[in-house]
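What Swiss-Prot annotates here:
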- 1-159: region 'Lysozyme-like glycosidase' (REGION)
- GLU45: active site, for lysozyme-like glycosidase activity (ACT_SITE)
- GLU45, THR71, GLN106, GLU137, ARG138, PRO139, ALA140: substrate binding site (BINDING)
- 160-165: region 'Linker' (REGION)
- 166-365: region 'Probable metalloendopeptidase' (REGION)
- HIS188, ASP195, HIS280: Zn(2+) binding site (BINDING)
Amino acid sequence: MVYVSNKYLTMSEMKVNAQYILNYLSNNGWTKQAICGMLGNMQSESTINPGLWQNLDEGNTSLGFGLVQWTPASNYINWANNQGIPYKNMDSELKRIIWEVNNNAQWNNLRDMTFKEYIKSTKTPRELAMIFLASYERPANPNQPVRGDQAEYWYKNLSGGGGGGLQLAQFPMDIINITQGENGSFSHKGTLCIDFVGKTEKYPYYAPCDCTCVWRGDASAYLAWTSDKEVMCADGSVRYITWVNVHESPLPFDVGKKLKKGDLMGHTGIGGNVTGDHWHFNVIDGKEYQGWTKKPDSCLAGTELHIYDVFAVNNVEIINGNGYDWKTSDWQDGDGGDGGDDNENNKTKDLITLLLSDALHGWKA
């Protein structure tokens, strides 16, 4: 999840949003230095909050709004409306910034660097924060070295760059046809398990991300899997996930089997306690298989997640989605990264004055 509201964000909330922005823009070709230079400015402008109105004056479109405090807000809002996308939305605002890069908008080349050159630059985050301040934000007070400090902070305390290999969790089957939903009266009472059928018996489903088989239950015909890394979920959250596929027989893999995203993972089936060919699916937060529990029917022990919040349904045919909020995503899988620098998180207290940034004092673009 990301934080979108008309309030000043806390440190922990800003970090969630900043990490999302880093991941998103890395996968669109930006360097980590350029992203963090912009984040140093966003922190002062909006506390990295896409829902923030200048001075908390919600609806005053003559003032600033959003991550970079577009002023007047109506310029950005009208653009979003013309694009048919929600304006108070993280992805929409990042799309606007990418549009500005591609259309040479908003940027005044005051530091001998174009916007397209900026997003590819490997200058220091501090230098790039000052360039972004001068050429993009152009506030009433241009003397704000704190934005450079903030840019350096984000560079040192966010993980990844170039996407860090972050993959979108893709729904495993190419169709959605539900025969029993969450809290189903037949065998899902109290659980978030869902049963799916294919277009034929023994219908295939595929690995939603790079993953490893961590448990095999022959008597009940199930395999448990964990993601090898954190994944981007359909609801925008980044987390490890663990799930079970139930009813294929015989089971096709042993514990320790590794699959790449898109590899064949299994088929619908009639193994275990079953009344017809289908696939029973259940997912929890985290990377540890903890066995099963009863709620009162059986499900994975741990924090269950809604399948429709975890797995994006890009290019999936929905025949019967049971009315659930299935989501597509614009996320593009990362292709690696430098692993970031996570060893300076203890400096948070030293930077608390930075986090009470001049966004609280009304600076605006």
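Including glycine, each Cβ sits where the backbone N, Cα and C put it.
Mapped onto this structure are the features recorded in Swiss-Prot.
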residue : record                                              : DSSP class
GLU45   : active site, for lysozyme-like glycosidase activity : helix
THR71   : substrate binding site                              : coil
GLN106  : substrate binding site                              : coil
GLU137  : substrate binding site                              : helix
HIS188  : Zn(2+) binding site                                 : coil
ASP195  : Zn(2+) binding site                                 : strand
HIS280  : Zn(2+) binding site                                 : strand
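The binding-site residues listed here (THR71, GLN106, ARG138, ALA140, HIS188, HIS280) include no residue with a Cα within 10 A of the Cα of GLU45 (active site, for lysozyme-like glycosidase activity).
Neighbour counts were taken at the CB atom with a 10 A radius for the recorded positions GLU45, GLU137, ASP195; the maximum falls on GLU45. In this structure, the CA atom of HIS188 (Zn(2+) binding site) is 53 Å away from the CA atom of GLN106 (substrate binding site).
The separation of ASP195 (Zn(2+) binding site) from GLU137 (substrate binding site), Cα to Cα, is 51 Å.
Counting only the Cα atoms, the space from ARG138 (substrate binding site) to HIS280 (Zn(2+) binding site) is about 55 angstrom.
Between the CA atoms of PRO139 (substrate binding site) and ASP195 (Zn(2+) binding site) there is a gap of 55 Å.
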